[in-house]
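What Swiss-Prot records for this protein:
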ACT_SITE  ASP9  active site
ACT_SITE  GLU70  active site
ACT_SITE  ASP145  active site
BINDING   ASP9, ASP145  Mg(2+) 1 binding site
BINDING   GLU70  Mg(2+) 2 binding site
Amino acid sequence: MTQLIMGIDPGTLVSGYAIIHIEQRYKIRAHSYGAIRLSSKDSLTQRYKQLFQTLSGVLDDITPDAVVLETQYVHKNPQSTIKLGMARGVLILAAALRDIPVFEYAPNVAKRAVVGKGNASKQQVQLMVSKILNIPDVLNSNCEDIADAFALAICHAHTSAYTCLGVR
């Protein structure tokens, strides 16, 4: 059975997305990836609309079996937390309208699944994602969000594989 899993690293300026393809015998490869870049000059409402429309287009083109996001975490600035939460809501809605199941993992859980430690740096995540999937492009400094999205997708692939085996 093959499966497509989409990881999304949400943001109000940049949202990275990454789709992995899982083949029989648990072979993982990169399917596609990208970043939705939004202008800080646009209103938040306009950015949320663009985020929704762009991700909806990707979901319509690819139709993944699952969408994976980071769990909400609290920033020092409450307004940042609220704005990010709204971006997450837009992304969840885009998947829900297409009946695509949504899963969430804490950032440290995704990092542990890819790097082996939950407090890994962004650069360590990028390095391991590039090695696991053999895509050196994610080592670029402007690809941190994409690497995080890949980490979330890989984390879900590992977790769902163990769940299917009855391991919790």
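Each residue, glycine too, has its Cβ placed from N, Cα and C.
In the structure shown, across all protein chains, ASP145 is the one of the active-site residues GLU70, ASP145 with the greatest number of other Cβ atoms within 10 Å.
ASP145 (active site) carries a helical DSSP state (H, G or I).
According to its DSSP assignment, ASP9 (active site) is in a strand.
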